[in-house]
Structure formats: C-alpha cells, structure tokens
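Asks: Okay, here's the structure, questions in a sec.
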C-alpha cells in the first residue's frame with residue numbers, strides 16, 4: 001500500500017537562498033534567528049530556554065539548516081540519531097508567495113511574474129474599484145492600501161461596522177484581500193464579494209494570484225480577531241500538478257487538510273477537511289492518515305507559523321508553535337508504515353526577526369521519513385519541484401517537467 005503524507009510548515013525557512021539579494025532578503029533565516037533568540041533568552045514569553053525540537057532534529061532538520069547556512073541552529077541537538085532523509089531546497093519560482101511555493105512543491109514552478117499592486121496608498125486602480133462597488137452594490141470601500149491584516153482591523157473595523165463598507169487591502173504578495181465582519185456584514189456576502197473580485201481581476205488581466213476573504217469578529221480596537229473562515233480564491237496552476245495526476249492517472253485520493261484546496265484552486269483534490277490552529281490541523285491530519293487507503297496523498301498546510309507568528313514578527317510565538325508541532329510529531333511518525341512516506345517541508349520563509357511584515361526568500365527543509373527511506377543527507381535540491389518529482393516516481397505517475405526525484 002502506497003500513501004504519501006505531505007506536511008507544509010508554512011513559512012518555515014532555513015536560511016536565505018542564493019537569490020535572496022534580489023528580494024532584499026539576504027541574511028534572513030527563519031529557523032536560525034528563532035533559535036538564536038531562544039538561546040539568548042529573548043524568546044521566553046509563553047515558553048523558555050533554547051529551542052527544543054528533538055523529533056524534527058532526528059529527521060535531520062538541524063543538519064539541513066547547517067547545510068543551507070553553514071551554521072548549526074543554536075540549541076538544537078547536533079548529535080541527534082538521524083532517522084530520516086534530509087535536504088534543503090531552493091525555489092526557482094519568480095515569487096516568494098504561497099501559491100508559487102506550493103505549486104512548485106507539486107511540480108509546477110511559477111516562472112512567470114505575478115501582477116502586484118505596488119502603490120502603498122491608493123493601491124488599486126479606480127476602474128477596478130468602481131466595478132466592484134457597482135456589481136456588489138456596495139456603499140463604498142475602506143483601505144485601498146498596503147497593510148498588515150491585524151493592523152488594518154484596529155484602524156478601520158469600527159468604521160466598516162458602522163458603514164458596511166468592506167476593507168480592501170494588499171501586501172507585497174500578489175493578493176487582493178477583503179476584510180469584513182462576520183456578523184454585521186455577513187460571511188456569505190463576503191464570499192460573494194470575493195467571487196466578484198476574482199472575476200474582475202481575471203477578466204481585467206491583472207494576473208493577481210489570490211483573492212482572500214478575511215472575516216473577523218469583535219467590537220472594538222484591540223478586540224478584533226480574524227476567524228478560521230478565511231477563503232482563498234486562487235487561479236489554477238498552469239500545468240497538471242502531482243495532485244491532478246494522482247487523480248487522473250491513478251484514480252487516487254488527494255485529501256486537503258487546511259487551506260491546501262484553496263491554494264490549488266480545488267484542482268486535483270478529492271476531499272477537503274477544514275481545521276483551524278496547529279492542534280486542530282494535526283488532529284485532522286492524524287484522522288485522515290488513519291483512514292487513508294492505497295494511492296492516497298494527505299496534504300496539510302500548517303498556516304499558523306506564517307499567519308499568526310511570521311507576518312506578525314512574533315519570535316516567541318513562532319518558537320512555541322514549532323515546539324508544539326515537534327511534541328506531537330511522534331503521533332504522526334507512528335502512523336507511517338510499510339511503504340508510506342512522510343515529507344515535511346515549507347513553501348517560503350517569513351523570518352519573524354526580519355524588517356517589515358512580508359515573506360522572506362529562503363531555502364526550505366525537505367525531511368522525508370518512512371520504513372523504506374534510507375536516512376542521511378540528500379544534499380541541496382535546486383528546486384522545490386524535486387519534492388513533486390519524488391512523489392510522482394513513488395506512485396508511478398508520469399514524470400513532471402521539473403525536478404529530480406530525491407529518493
């Protein structure tokens with residue numbers, strides 16, 4: 001029985017890539033800087049001491065990071081007994097965004113340039129805004145700028161609740177984000193507005209990767225919080241991913257846990273499981289692993305590393321989340337049996353010690369575990385697509401156009 005379990009620790013980079021200078025990210029290192037802060041005692045909020053990741057260390061995380069940066073992460077166990085295959089991979093996609101990273105993991109790198117809304121203020125074309133107001137029958141809009149999603153709620157959510165005007169904002173990523181109150185504006189109405197925005201952006205040729213619904217609750221600044229009902233409307237990958245090939249060529253099952261289905265525009269997904277928060281995502285993943293049959297991919301995105309800690313530049317929070325994941329990892333490892341393979345990786349970096357609030361261009365870990373996987377170093381992988389090619393070879397799918405099988 002063949003089953004592949006792919007876990008994306010969203011934004012868990014292990015050192016800036018060779019091309020990071022082009023993105024202003026040379027020197028960024030999500031894992032390394034978190035580990036440094038923990039070792040120095042400056043990340044003791046809600047946790048304490050050096051970064052403690054014994055199970056990830058046994059899979060080769062520390063050694064993969066050392067190969068990426070030349071420095072072993074502070075506090076991790078340099079003498080861990082390695083039980084998995086490990087490597088570090090660089091991205092060849094043109095951007096450092098979520099769809100690019102995930103599509104490349106699935107064998108389809110993004111070699112074109114996404115469209116971006118680059119102006120910090122008055123970010124969106126007036127023609128686009130006018131069409132959204134007219135089609136969705138809106139009283140107007142708020143925002144129209146670059147912002148962190150939590151900051152903009154404290155600034156504009158009260159006015160949004162009074163006026164019914166949705167909050168439009170963007171970032172350095174190829175995104176059009178819409179924040180609305182779940183109760184006063186309504187979730188269904190927000191989703192409908194996002195569908196309209198997706199249509200207008202596509203028809204207008206803006207080449208924007210995602211429209212993101214950002215629902216929230218609360219009644220005053222400091223008390224507003226985003227809910228788990230986020231919904232991403234992505235464009236479809238430009239070529240068949242391993243997920244689509246798994247369904248088309250093998251009649252296999254592809255189970256999305258978390259936001260995976262949204263990232264791939266629902267293409268190549270046979271089952272969607274919603275869950276919010278690391279523990280809930282972990283629980284849902286374990287449940288799907290328990291029921292997975294032959295020719296199944298279970299694919300989970302652990303978004304909180306990125307959304308709750310990376311973008312918010314919260315080093316102690318990120319460290320605590322990694323330690324939580326590591327504590328629960330044995331539950332996952334114990335379910336990997338026979339011919340199964342488990343792959344742990346990331347889609348980009350988001351160094352919580354870095355300036356700004358955006359992603360960082362970094363190498364990512366590729367940690368592979370299974371009873372038939374030979375432990376040890378598998379070096380530097382020149383593209384995330386090596387993961388997709390590995391999965392294609394494992395299941396006997398037709399080869400992907402990019403990447404080399406790792407195993």
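Just so it is clear, glycine is given a Cβ too, placed from its N, Cα and C backbone atoms.
Keep in mind it's a predicted model, so treat the numbers as computed, not measured.
In case it's useful when we look at the structure, here is the feature table from Swiss-Prot:
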| type | residues | note |
| --- | --- | --- |
| BINDING | 10, 347, 348 | Mn(2+) 1 binding site |
| BINDING | 306, 311, 359 | Mn(2+) 2 binding site |
Asks: How many whole Å apart are the CA atoms of residue 306 (Mn(2+) 2 binding site) and residue 10 (Mn(2+) 1 binding site)?
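Replies: A Cα-Cα distance of 6 Å.
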Asks: What kind of secondary structure is residue 306 (Mn(2+) 2 binding site) part of, going by DSSP in three states?
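Replies: SS state of residue 306 (Mn(2+) 2 binding site) = helix.
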Asks: Could you say which of the binding-site residues 10, 306, 347 has its Cβ with the most other Cβ atoms inside 10 Å?
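Replies: Highest number of other Cβ atoms within 10 Å: 347.
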Asks: Return the residues near residue 311 (Mn(2+) 2 binding site) by Cβ distance under 8 Å, restricted to its own chain and a separation of at least 6 in sequence.
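Replies: Sequence-distant Cβ neighbours: 148, 149, 350, 357, 358.
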Asks: How big is the gap, in Å, between the Cα of residue 347 (Mn(2+) 1 binding site) and that of residue 359 (Mn(2+) 2 binding site), rounded to a whole number?
Replies: 10
Asks: Roughly how many Å separate the Cα of residue 348 (Mn(2+) 1 binding site) from that of residue 359 (Mn(2+) 2 binding site), to the nearest whole number?
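Replies: With distance taken Cα to Cα, residue 359 (Mn(2+) 2 binding site) is 7 Å from residue 348 (Mn(2+) 1 binding site).
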Asks: Just jot down the residues in the same chain as residue 359 (Mn(2+) 2 binding site), at least 6 apart in sequence, with C-beta under 8 A of its C-beta; none if empty.
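Replies: Listed in sequence order, they are 11, 96, 97, 172, 173, 306, 310, 348, 349, 350.
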